[in-house]
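What follows is one structure encoded as structure tokens, with my remarks underneath.
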Amino acid sequence: MNPVIKTFQFGQSTVTLETGRIARQATGAVLVTVDNDVTVLVTVVGAKQADPGKGFFPLSVHYQEKTYAAGKIPGGFFKREGRPSEKETLTSRLIDRPIRPLFPEGFMNEVQVVCTVVSTSKKTDPDIAAMIGTSAALAISGIPFEGPIGAARVAFHESTGYLLNPTYEQLAASSLDMVVAGTSDAVLMVESEAQELTEDQMLGAVLFAHDEFQAVIQAVKELAAEAGKPTWDWKPAVANTELFNAIRAEFGEAVSQGYTITVKADRYARLGELRDQAVAKFSGEEGQPSASEVKEIFGEIEYRTVRENIVNGKPRIDGRDNKTVRPLNIEVGVLPKTHGSALFTRGETQALVVATLGTARDAQLLDTLEGEKKDPFMLHYNFPPFSVGECGRMGGAGRREIGHGRLARRSVQAMLPAADVFPYTIRVVSEITESNGSSSMASVCGASLALMDAGVPMKAPVAGIAMGLVKEGDKFAVLTDILGDEDHLGDMDFKVAGTAKGVTALQMDIKINGITEEIMEIALGQALEARLNILGQMNQVIGQSRTELSANAPTMIAMKIDTDKIRDVIGKGGATIRAICEETKASIDIEDDGSIKIFGETKEAADAAKQRILGITAEAEIGKIYVGKVERIVDFGAFVNILPGKDGLVHISMLSDARVEKVTDILKEGQEVEVLVLDVDNRGRIKLSIKDVPAAKASGV
């Protein structure tokens with residue numbers, strides 16, 4: 001073994017890249033260590049031959065966090081890691097997005113990237129180390145790859161400015177969490193959430209990260225120069241120019257006309273007819289050219305047609321100019337029995353979004369490397385096949401659905417009230433019922449509307465918009481509110497969400513080099529204009545949160561008791577609190593500081609539980625008259641229950657002004673009587689009187 005090690009400074013961190021010691025049978029393998037806090041093993045394996053049956057590039061990225069990395073043993077019966085967590089899925093997507101466009105066009109060999117977190121001190125997120133390791137492993141593998149890439153996380157504080165690769169603690173105090181990845185001369189991917197930062201501040205963070213991760217790119221280049229394998233002798237298939245020209249001559253004008261059909265289903269039907277005609281006319285009897293080759297060339301003609309029209313200033317596919325948002329239709333309160341609902345329609349994209357309020361116990365329990373956490377806010381995105389007029393698989397959420405749901409969550413999370421102000425658990429579900437571009441941003445708008453409809457006190461309404469880019473040479477066009485086709489055929493997917501005041505989320509994926517600062521500025525400017533337009537139309541329907549919660553939502557009552565009384569409310573083995581919950585049908589959460597949250601399906605249930613707790617925690621007041629029940633009679637008096645769990649003694653001498661021979665002459669067990677509290681000693685024993693009640697009443701007690 002002859003390991004090769006490169007160490008470099010990355011901001012305040014020391015990063016070590018090592019290859020040649022572990023996973024030597026992989027095409028490329030790198031062990032990344034950051035400050036001895038995080039260690040990630042990244043392997044890359046590439047197939048030498050392409051599968052001729054696949055018409056796409058089969059790249060897969062798997063990020064996995066091993067519990068042993070944090071000195072933990074997995075929970076559950078089997079005591080081993082199971083299916084990927086949401087965090088692992090999101091990080092896999094984060095790594096995939098900047099590397100996918102850097103594989104050469106036409107490269108169809110299967111490539112698998114596996115990033116394994118093998119050690120962590122739980123101070124920082126391992127995702128940046130995994131991205132650096134992926135860049136290094138690809139660079140030394142010999143697989144055709146137009147990298148390397150660098151990656152960085154950026155935080156922001158108004159007082160100190162931008163901070164590179166912050167810890168979890170620093171992120172918690174930051175108004176920005178942004179991950180940026182790209183090559184030495186281009187930004188390829190941005191993923192972020194923010195607390196109403198300006199467009200200039202967001203762009204500044206992107207440029208700051210790009211400058212800082214040049215150190216990563218240089219170190220990877222040095223590692224590849226010393227330990228890299230020879231680049232594969234791979235060449236793309238020779239383009240069949242003659243066939244391309246023939247198909248374009250025959251069908252080019254018809255394709256151009258097809259893209260003037262504004263209704264998606266009709267447009268797809270017409271283009272499908274033309275594609276079938278091209279296959280019938282040009283695919284050879286001997287299979288030369290093949291039907292798949294004709295379809296591929298037909299797709300290239302579609303690609304060029306749409307792009308040329310856009311950069312030459314012609315109307316877009318649906319007839320809009322570059323800055324116009326599709327017509328909006330906004331409704332709230334569309335579902336009668338839910339807590340909050342909205343139907344948001346933008347052109348042929350539609351989201352039915354529902355907000356549900358729950359108790360603290362409904363919060364999602366997350367078992368992460370940092371430990372167990374409770375998440376009181378969930379946003380789930382569903383994309384059924386009928387939304388695009390297709391039959392398809394129904395089942396659990398896929399990577400795309402998880403990613404879109406997280407983007408929508410990031411967009412609205414900063415505008416939610418603090419937990420001490422609004423202690424409900426919140427779940428928002430976005431059902432995409434129609435889709436033709438930017439369904440995730442429709443989910444953002446719908447989520448904001450549904451939350452306000454539910455009475456969640458949002459700090460401000462949130463809207464989102466998806467921008468696109470078509471760049472041909474020196475010509476470019478930035479598109480507002482892109483269609484699905486424009487997303488597929490364009491060079492950039494640029495999603496911005498925020499309030500009227502600032503940006504709350506920015507996601508960017510770029511497929512080409514050459515995206516300048518000027519282009520990003522134009523995109524952010526157009527996005528702001530569109531966002532304000534959408535917010536204006538949303539505010540006409542519901543401009544602020546409803547003042548009262550939905551009648552269907554659970555009632556919550558917050559109260560606080562003395563910490564010494566917690567055990568009284570809970571009871572032996574939890575018997576008391578269980579009894580209260582069973583009898584009132586409410587749920588009760590008690591914190592160590594004595595804070596209590598009562599949730600009831602009705603106000604009456606919550607009030608009943610509150611009164612039970614007040615009764616248990618109440619103290620007997622000297623000089624106050626209570627109506628109590630005789631619990632037990634003894635020779636020297638009677639014990640009367642005046643409060644839940646609190647009995648006092650009426651001495652035989654305090655039963656009547658007249659002489660009493662037997663207590664049973666005056667009282668019997670179960671009898672209700674009025675008693676006056678005479679005294680409570682330092683041991684909590686309560687002294688009661690029946691004979692002094694009339695005088696106390698007369699004196700106004």
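Including glycine, each Cβ sits where the backbone N, Cα and C put it.
Here is what Swiss-Prot says about this protein:
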BINDING   D487, D493  Mg(2+) binding site
DOMAIN    554-613  domain 'KH'
DOMAIN    623-691  domain 'S1 motif'
>> As a test of the contact definition, list every same-chain residue at least 6 positions from D487 (Mg(2+) binding site) whose Cβ is closer than 8 Å to its Cβ.
In response: G437, S438, A466, G468, D493
>> Need the DSSP three-state call for D487 (Mg(2+) binding site) to compare against my parser.
In response: helix
> Relative to the Cβ position of D493 (Mg(2+) binding site), how many further Cβ atoms are located within 10 Å?
Replying inline: 21
> According to DSSP, does D493 (Mg(2+) binding site) fall in a helix, a strand, or coil?
Replying inline: strand
> Reported in the order helix, strand, coil, what are the DSSP residue counts of the domain 'S1 motif' (623-691)?
Replying inline: 6 helix, 36 strand, 27 coil
>> For the domain 'S1 motif' (623-691), what's the mean pLDDT in this predicted model?
In response: 88
